[in-house]
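According to TrEMBL, the protein has these features:
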type: BINDING; residues: GLY49; note: Na(+) 2 binding site
type: BINDING; residues: ALA51, VAL52, ASN56, SER304, LEU401, SER405; note: Na(+) 1 binding site
type: COMPBIAS; residues: 1-10; note: compositional bias 'Basic and acidic residues'
type: REGION; residues: 1-31; note: region 'Disordered'
type: TRANSMEM; residues: 40-60; note: transmembrane segment
type: TRANSMEM; residues: 72-94; note: transmembrane segment
type: TRANSMEM; residues: 221-242; note: transmembrane segment
type: TRANSMEM; residues: 248-270; note: transmembrane segment
type: TRANSMEM; residues: 325-354; note: transmembrane segment
type: TRANSMEM; residues: 388-410; note: transmembrane segment
type: TRANSMEM; residues: 431-456; note: transmembrane segment
type: TRANSMEM; residues: 462-483; note: transmembrane segment
type: TRANSMEM; residues: 513-535; note: transmembrane segment
type: TRANSMEM; residues: 560-582; note: transmembrane segment
Amino acid sequence: MSMSMKDRYSKKSHRVHPTETQDCENDEEKAESRERFSSSAAFILTCIGFAVGLGNIWRFPKLAYENGGGAFLIPYLCCSIVFGLPMLYFEFALGQFVQKGTSKLYYTYAPAFQGIGFTMAGLSTQLTIYYFVIVGWVVMYLIEIVTGGWENIVNCESKRFVSHGTNYICSLGALQNTICDSNSTDCITNITNLIVPAELYFDQYIIKRSPDFSGEITMNWPLFVIMQALWILCGVILWKGVEFMGKISYITTVVPYVIVGILFVQGLTLEGAGKGLKAYFSPDFGKLAEYQTWKSALIQMCFSLSIGFGGMPSMASFNPRKHNCFLDACFVVFADAFMSVFGGVAVFSILGYLSVKTNQPVEKVVREGTTLAFVAYPQAIAEMWLPWLWMFLFFLMLALLGMSSVVVNLQSTITCLCDFSPFLAKRRQTLNWAFCFFMFICTIVMCTGHGVYWFTMFDASVGGFALVLLILAEVFLVCYVYGIHHFKRDLEEILGKREKNSILQKIVGPTGLYFLCNWMYAAPGLLVLILYAVVEHRVTQKMKYGEAPNDVIFPMWTEVFGWFLSFSVLLFIPAFFVINFVKSRQRNEPISALFTVHPKHPAALRIAEENKRIAAKLTPFERVRCRLQMLFD
């Protein structure tokens, strides 16, 4: 009996995992009883809080400055449209459609790839171990400011720091290549290895840094107590659940934007603000022809949106299945880019002020990372009107940005474990506190004199090429193993299929060719470029702390441990492949069952029905025709 092309298309062959499972209605009931965000706004703000982090404030501004200033916004915007938005939308759709955490999410697409979810949880755990200590440092600054000791931050007297055998007190003059000997009133000029007061304060009173890795291990007790309190706070938030987490996002996400706005207005009133903004925005269009500029924009976009850590699909799983996740992705990408650009204005206006006060060009005062947050910015604010207020607002913003990211990381890991094990799911509250205690134990090493060295080592090793490989595996699974045509049908179930779509909607709509082709071809290609850049940087850059001539070179064992951190989380992928392979053989299933959709996947019944109706003798040419017609339908 002949069949129409439309019938053949709807009966596209696709094997379904043969294992018998519980009735599908059971899974639907579980999905309905799953925790939910109180509103769409709560979900969006939670995801913005997760995506927008410290890197938007202390990484992006310098990156833009070094790669063409205002011209850098062109490649950054292009990468947002070509990579950032499609990949964030992709992860939202995965979690929302399946309604499960990462441990079961990828298992339902193909059991062989279950390890992807656990690798994401492992990466989130590694990231949180060192990322959360930044919040601890920030809280120490806030306590100092609130208790009236803010002047210590910028008028720090060195008690134990020795440079060329001379103890000294640093002043703002240090920024002008001049310092004064603590034992006399004479000034020493033309010194290269200078430590400004804010850096001394961070070095001696916040992190209590040991000279190097070989020094005696001492405990930083104030930081230890603060980290203990912060982990208890995290435990309380996790205990209160997803709905409460969504509610506090109105504070942790909105307040940083308000503070950036305040700092923006204040910065514009400062002397030298125009000088800083000119350096930030002056376009160098010649940079657009350089590979480095586009590579920097792509890498920044990849890591800025927190794609691949499992937080986005996990949070989306707490949405109703038919929620419009495409609009959510648009909001989050816009908010992330806005904070990067707008935050850069606030940063560079104040750095321009600092350059005027120290009589130095802007390029001499531009910093990134902890040096910007804990050295350059406080030193500049100290010269402003009401310095304690601006310093308090700045560090409060950093604390909220860091806290919002950490909480989502923790929630996604807990969700991963609970969805994997019914035993743990029934004891979720116990698991929350046990996991927070475990994480606190892991962060103790960051509370020692060697803590900043461990922090630097984790920062250089975690979430690099392992994260990129993970995203590649995620895209390959859905687009090539599960099938992009099936994923399109899933999107239509989420967003609703319109009877008549315009040509524009068929091309750039939420289920249009632009996104489908992007996931199949553009995203993998761009990820390969990112992978090459990340590996190249990791291999060529040796681990060290600080800048010459005061830098501390790390011993060889730290390089080995760093590579171990990078590779260790990837072991979940082959480990769970072996586990599921053994289980499959015990059930006498073919190996192909590991690479087919599992019956617990929401689309499994739909695919099974298509299999029953498929033509027995569909030629390869007709199969290709069917797939192409499906993409254009």
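FYI, residue positions are counted from 1 along the chain as it appears here.
Using N, Cα and C of the backbone, Cβ positions are placed for all residues, glycine too.
Feature annotations (TrEMBL) mapped to structure.
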| residue | record | contacts (Cβ under 8 Å, 6+ apart) |
| --- | --- | --- |
| GLY49 | Na(+) 2 binding site | SER249, THR252, THR253, LEU401, SER404, SER405, VAL407, VAL408 |
| ALA51 | Na(+) 1 binding site | LEU88, SER304, LEU305, SER306, VAL332, ALA335, ASP336 |
| VAL52 | Na(+) 1 binding site | THR253, PRO256, ALA335, ASP336, MET339, LEU401, SER404 |
| ASN56 | Na(+) 1 binding site | SER304, ASP336, MET339, SER340, GLY343, LEU401 |
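Of the ranges 221-242, 248-270, 560-582, the one with the most Cβ pairs under 8 Å to the transmembrane segment (325-354) is 248-270. Here the transmembrane segment (388-410) sits apart from the transmembrane segment (513-535); fewer than 3 CB pairs are under 8 Å, leaving out pairs fewer than 6 apart in sequence. In summary, the transmembrane segment (513-535) does not lie against the transmembrane segment (431-456): fewer than three C-beta pairs, each 6 or more positions apart in sequence, are under 8 Å.
Annotated Na(+) 1 site ALA51, VAL52, ASN56, SER304, LEU401, SER405; additional same-chain residues within 8 Å of its Cβ mean position, judged by their own Cβ, are ILE48, GLY49, PHE50, GLY53, LEU54, GLY55, SER306, ASP336, MET339. Across 72-94, 221-242, 248-270, 431-456, 462-483, stretch 248-270 shows the highest tally of CB pairs under 8 A with the transmembrane segment (40-60). Below 8 A, the CB atoms of the transmembrane segment (431-456) and the transmembrane segment (560-582) form no more than two pairs separated by six or more positions in the chain, fewer than 3 in all. SER304 (Na(+) 1 binding site) carries a helical DSSP state (H, G or I). Cβ-based neighbour count (10 Å, all protein chains) for SER304 (Na(+) 1 binding site) stands at 24.
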